[in-house]
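Visitor: What follows is a single structure, and I will ask about it in a moment.
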């Protein structure tokens with residue numbers, strides 16, 4: 001590879017070097033929110049070339065060798081990503097029969113051996129006669145997870161009781177994934193499957209490009225993402241009918257209507273605060289999707305029983321302990337500084353007394 005090629009900045013590499021929140025606004029069909037960022041990166045590329053130009057020939061030669069080593073490393077890393085993808089695909093196929101069996105047990109398609117032999121009193125026996133599978137399995141599993149619990153409103157719970165299964169798969173371009181939520185017939189919406197698809201810029205270092213959700217076909221008066229407000233007319237008003245207003249409300253089902261980046265024509269209307277808020281919303285949306293994919297689907301029963309939540313709590317405690325240790329170190333340093341100051345003051349006082 002020649003030095004001129006090395007110094008060239010390729011904008012196609014943009015996605016591989018940005019954090020998820022920022023890159024959420026930097027794919028090719030996204031709006032001009034990213035143009036400023038690209039300009040900054042191009043300026044940085046220019047600075048990179050300037051730095052190389054300032055090096056002495058001897059140092060430049062050493063840096064060139066280091067860059068060759070980096071190229072070798074990147075090639076090995078590329079092979080690693082390929083092998084990892086193949087390994088993940090292999091085990092995903094091995095998981096499928098287990099997920100199918102889980103679906104059958106949860107939804108009462110098959111019965112577990114020994115269930116009818118379990119001792120029960122008469123009341124329990126009557127209830128068990130009408131009870132199939134594991135009621136509210138997915139609702140309970142999701143509510144046990146801290147991230148998802150914040151998204152599920154009390155109104156959502158009735159609808160989520162009809163959730164039969166959640167699956168995920170990679171999409172065709174292998175730069176993203178799709179979540180599928182399978183619902184039993186219910187009084188809230190007519191869709192049997194709700195999907196959420198995440199398109200990524202780079203599969204190896206996930207960077208969100210855009211997200212697309214299913215349009216939910218709500219039954220009349222059952223939309224959970226909106227609430228109807230009735231306002232009484234003013235006294236003496238000719239129109240005696242109450243004013244009816246529809247307002248968007250918090251709901252898990254807003255997950256299927258993800259935040260969208262505005263079109264190019266609307267670029268001038270977006271200020272810095274709005275752009276930052278949009279970034280945060282897209283990052284939060286991706287966190288929810290990846291939590292369902294990486295935690296809920298593979299470990300659903302552990303979330304249902306609460307065991308997985310306990311494991312998460314231990315991780316949080318360890319993180320908090322690390323933060324506390326850092327704070328303690330800072331406190332110790334402050335105390336040492338204070339001791340040094342007191343000692344210095346004492347020395348000055350002693351010197352003053354001797355002079356007198």
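Even glycines carry a Cβ here, placed using N, Cα and C.
Note that the structure is a prediction, hence the values are computed from the model and not measured.
Swiss-Prot lists these features:
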COILED    34-88  coiled coil
COMPBIAS  309-343  compositional bias 'Acidic residues'
COMPBIAS  347-356  compositional bias 'Basic residues'
REGION    304-356  region 'Disordered'
MOTIF     55-70  motif 'Nuclear export signal'
MOTIF     230-235  motif 'Nuclear localization signal'
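Describe the structural context of these features.
Guide: Secondary structure of the motif 'Nuclear export signal' (55-70) per DSSP, as helix, strand and coil residue counts: 14 helix, 0 strand, 2 coil.
With DSSP classes pooled into helix, strand and coil, the tally for the motif 'Nuclear localization signal' (230-235) is 0 helix, 2 strand, 4 coil.
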